[in-house]
Each structure stands twice: as C-alpha cells, then as structure tokens.
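Working notes, structure below.
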C-alpha cells in the first residue's frame, strides 16, 4: 500500500513545506499530523543557520572561552540538530523537535544572542555599607536559632554542581543587565553586589520567561560542549525548572513568575541589575528558619549564614533607620496551633487592621475554605511567597509552606512564630502596606535570646504531581 499522500488531493504548498523540512515525501500520517505546524516549519526552514552559528561562536568566546571545543565542532552540532528531523519518523519526536527548534529560531537572538553586542554603560549605584558592625549582632541572633539536632543516619541528597556553573554565572551577570525588566536576582549573588565578601555558588533568579530562557541556554551549552542537557520540573516547587547535564550535575535553575507579580516585587538597582530588596530577603530568611531543614543547614555552616544575615541587617539599618535596642513590644505575635486541623492562628490586631491571621499548613484546605467564603480578592504571589493571601472580614487567610516547630506539646516555637510574622510582613511589603514598625519589633525580638530546644515539628504539606522534563537528545517533552 502506498503510504505517501496523493499529490493531486493535497494542497501543494503545504506538502512542499513539509517535504522540504523532512528531506523526504511525508507519509499520509506525517502530513496530516504536521500540516498544522506549517507556519513553525516555515520559520525553521528559512532560518539563517549561518548567523545563528556566528552568534553561538561569539557566546562561546565571551562566556565559555575555557571550554575546549572548535568552531567547526560547534557548527557541526548546530547543523546536525537542525537536520535531525530528516532521520526521525516518530510523530511525537517530530513534534518535540519542531517545538524546540521553533524556540531557538524565534527567541535565541533576542534572549542570548544580544549578549554578544556592546553593552550599555554600567551605572554605578553602590552604597558603602558597614557590614562589620552587624556581624556580632547577626552571630548572636543565629546562635539562639542554632537548635537543630542533626540525625547522622539521615541520608542527605547530594547536590552535584557542574563545572560549567562559573561560565553560566558570567553569562548570567550580563543577562541580568540586558534583561533587567524581565529577570531579577536574589540570594547570595545579590548580597555579594552589596558586600563583596559574600561567597556565592550559582545565581538565583526570578523571571517572566523562564522556560524559553532555559531552553535557549540548554542548547547553547549543548552546542558548545556536546553534552546532553536535560531540563527538569519539580512538582513541589512552583513554576521551577532546573538545567542539569547528562551526569545529573546542577547547572542553573529558575523560578517563573507572571509580569504582574514581577511588578510588585520590592527591588533595588545595583550596577544595572535589579535585585530583590534585601529587606524582603531578610524576611524570607526569617520565615525559612521555621523549616527544620534550614536549621540543619545553619548548624552545618553558621558562618555562611552569618555573612548573609549581617549584610541584610546593615541594609535595613541604613535604609529604614532600624535601631537595635532590644525593644520588641508585641513581637513575635501570639501564635496558637490547631494540630488536628493544621492551622495556626496569629493575633495581628496590635499591628494591622485585620485582627488575626489563619495560616493554613495544607494549601488544598485553604483553597477549599476560600471558595466557601465566596471571596474573589485573594492575592497569589506565586513562588515569591509560595502562598496565596486573602483578607476577608478582618481576617487574613494564607498558606504557610514550611514546617511549624514546637517548643513543647501544642506550643509554637518562637522561631516559627517569627517565621509566621515575617510571612505576614512579606504581604505588607508586596501590597505597599505598613511594615516598618513591625519589622523593627520583629528584628529586635531576635536579640538576646536563649536557645530553646525543638520538641517536635509538623510535617510539610505534601504536593501532588509528577516530575516533568525536556530531554533534548532523546526528543522527549514530559510536562
């Protein structure tokens, strides 16, 4: 039986486009499955591969100069990938190839190719901070929280780091400057821009086009190194993707957020790069200390945390005029846990217009209760807070994604109480609400504290879902 389509019954232009792309006459099945992809296929077919090769070579020279590969090898890898469809007969794989090639031909130049042209002048905007003056205070605060007991029998997952991280970091520094409306950074690198004594590994980023950027970067690395690069999506980390090499070594990761979320994230401008406001980052750190795993990290490397904490404390002292005199007033706010229903009630009336906050430890339960309230004014800040917030009838409803530490049976540990207070303050900052007095009291409540042992802790909310991935070598997309 003839598997080829009848030339007399098919639109000649569409058939010709598909035939040119595949390098062969398509089967009937291939034709009917691919004809809706004609526009993308056309873009791929007319794409100037020579210019693309030149851009990749320039990226290699600027950011990957120490990688031992020749210009001819790069060209061969690129041309091989753009002709891969001619040797592929599986429809699913053909769709994957078309999708990934389409991303490259429509976005690479604007996203990564632009990094090879002359950059705008860097606007120096650094302020001299006296971080040293905060080191002793930070050490005292962290010492009182260094209460985790490490279980030596616990098997920790290894986080293998690729040797390419330093190259990608160099690229990311330029990327953050060129794309500072759609990509901002946080974490150690952002604090390094304030305090050069901070050590950092990879660069932590939030952006509005994460998937496209990571696909383009994955191909750049593949074409330069020849390695198989895999993009993975983790179900319990919202809108998160990571690039790893074929040996499962971590290269870079990214959280994707909507543009409207990006617009409200507090940020500051340093050397043409936007970083998440260190005040906001400090609140996030205080919140994360409620997570038992983070306290275990603190016990393993307290000096790393001390450098970060001191930097952020100095920033808030300088920026907001915070006085560290130990006056904490009503901080941390009173917290009562309902362990059966997994809800913590925080008394907020001393600081805010809403009288209390109900912090749910199960996101699905919160979503259900919000529906029952028939309220449609909730704020979802995605991975920025990993939470939804709703204020209804003078009550805040929110999701708290970390563990709750207990200092005794039924008693919330002060570390978690401060974490919950910080979580509420994140909302205040994101919505331009009042937070400075509360921030001052919260930070002062961390001074001169004795260590309080952890009695127990709640479990984190279990997130459903499966891992997704893009395997470039095997032409597979699973999401």
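Including glycine, each Cβ sits where the backbone N, Cα and C put it.
According to Swiss-Prot, the active site annotation covers 202, 204, on the basis of sequence analysis. Residues or ranges marked as Ca(2+) 2 binding site in Swiss-Prot: 202, 204, 253. Taken from Swiss-Prot, the feature Ca(2+) 1 binding site covers 202, 204.
Residue 253 (Ca(2+) 2 binding site) has a Cβ environment of 20 other Cβ atoms inside 10 Å. Counting only the Cα atoms, the space from residue 204 (active site) to residue 253 (Ca(2+) 2 binding site) is about 7 angstrom. If you draw a 10 Å sphere around the CB of residue 204 (active site), it holds 20 other CB atoms from the protein chains shown.
Each residue in 187, 201, 203, 205, 242, 252, 254 lies on the same chain as 202, 204, 253 and has a C-beta within 8 Å of the C-beta centroid of that Ca(2+) 2 site, without being one of the site residues.
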